[in-house]
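Per Swiss-Prot, these features apply:
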- H83, H182: heme b b562 binding site (BINDING)
- H97, H196: heme b b566 binding site (BINDING)
- H201: ubiquinone binding site (BINDING)
- 33-53: transmembrane segment (TRANSMEM)
- 77-98: transmembrane segment (TRANSMEM)
- 113-133: transmembrane segment (TRANSMEM)
- 178-198: transmembrane segment (TRANSMEM)
- 226-246: transmembrane segment (TRANSMEM)
- 288-308: transmembrane segment (TRANSMEM)
- 320-340: transmembrane segment (TRANSMEM)
- 347-367: transmembrane segment (TRANSMEM)
Amino acid sequence: MTHIRKSHPLLKILNKSFIDLPTPSNISTWWNFGSLLGACLITQILTGLFLAMHYTPDTMTAFSSMSHICRDVNYGWIIRQLHSNGASIFFLCLYTHIGRNIYYGSYLYSETWNTGIMLLLITMATAFMGYVLPWGQMSFWGATVITNLFSAIPYIGTDLVEWIWGGFSVDKATLNRFFALHFILPFTMIALAGVHLTFLHETGSNNPLGLTSDSDKIPFHPYYTIKDFLGLLILILFLLLLALLSPDMLGDPDNYMPADPLNTPLHIKPEWYFLFAYAILRSVPNKLGGVLALLLSILILGIMPLLHTSKHRSMMLRPLSQVLFWTLATDLLMLTWIGSQPVEYPYIIIGQMASILYFSIILAFLPIAGMIENYLIK
């Protein structure tokens, strides 16, 4: 008799995706981050749902409603800290996941890669709108500065910014629509993650060697479900340590002051996970040029499959490409640091050099390294 998980219409889909899925036998811990991202998304949706029950998207009461959640709502403080620090863990997993895909050449699965880039963009938009909701100083000024970037678009820029704001400045209408979008976008992310997984299961997972593994596959359950569960436990431990012992470590002290349109903070900056892109934006003196550089810093990932020149898929056996990859990772850390610093010498010149290096590695150095490695293995 056929097991119900193989015959039931719904369970059959889950079985093919998470139980009997043929998986390469040699995938490492770096392959855990996909499932961790799914766990992060579910955690964010659940904690966000409980926060939304007590939050009021109104400029007069938004800040005090956050205070009310932390002081008066049962376990409201831990729900808020899990949600805000959960976003940081989410982006940490996200960037690690992207880094692993670049290192092991998984971007050659172009459909999976492109849906992943779409997920990244939606996640960034969702996180930005979420940062505005507490209506603190950095929330208000961050929203003002970032939405103002749209005014750099020729002809329609000013009208577009006022359309986004719902008025002539960031105000009640802006907060209201940001709350609505922040609430709905994670559900579109779930749908897109389903598409992402569907494309991945069409091709099967890549592996550290970058070779075809059709002759050496094992079922996903129990081998990788146990492995993913261990990763999940470590993630939960890390999140709880962060939320309980140092909840404000990654936040900005300015956000504990209510939004004041008449008082500009000394140094406006976004959350740490956007600092690399913010540093690239600031490194270009021209406004439109900066906005284009900001966009390209993310969209450049989309052309990576076209820039792959090596005969080897993975970087595991390509020492020259490995050096460039870790240089890129270090460069991103440097950009993150620069984004948190004031706009003055020597930070300006360091930011410009780091931005040039970022684009140079992806557009020129990695493809050239691939060609050199091809020549060396002849």
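Glycine too: its Cβ is placed from the backbone N, Cα and C atoms.
What Swiss-Prot annotates, mapped onto the structure for a quick look.
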{"residue": "H83", "record": "heme b b562 binding site", "Cβ neighbours (10 Å)": "20"}
{"residue": "H97", "record": "heme b b566 binding site", "Cβ neighbours (10 Å)": "19"}
{"residue": "H182", "record": "heme b b562 binding site", "Cβ neighbours (10 Å)": "21"}
{"residue": "H196", "record": "heme b b566 binding site", "Cβ neighbours (10 Å)": "21"}
{"residue": "H201", "record": "ubiquinone binding site", "Cβ neighbours (10 Å)": "14"}
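Counting Cβ pairs closer than 8 Å to the transmembrane segment (226-246), the top stretch among 33-53, 113-133, 178-198, 288-308, 347-367 is 33-53. Of the candidate ranges 33-53, 77-98, 288-308, 347-367, 33-53 contributes the most Cβ pairs within a distance under 8 Å of the transmembrane segment (178-198). Among residues of the same chain six or more beyond the transmembrane segment (33-53), those with a C-beta under 8 A of the stretch's C-beta atoms are 69, 76, 79-80, 82-83, 86-87, 89-90, 93-94, 96-97, 100, 130, 179, 182-183, 186-187, 189-190, 193, 228, 231-232, 235, 239. Checked against H97 (heme b b566 binding site) by C-alpha proximity, the binding-site residues H83, H182, H201 yield H201 as the nearest. Cα to Cα, H182 (heme b b562 binding site) and H196 (heme b b566 binding site) are separated by 21 Å. It is 30 Å from the Cα atom of the residue listed as 'ubiquinone binding site' to that of H83 (heme b b562 binding site).
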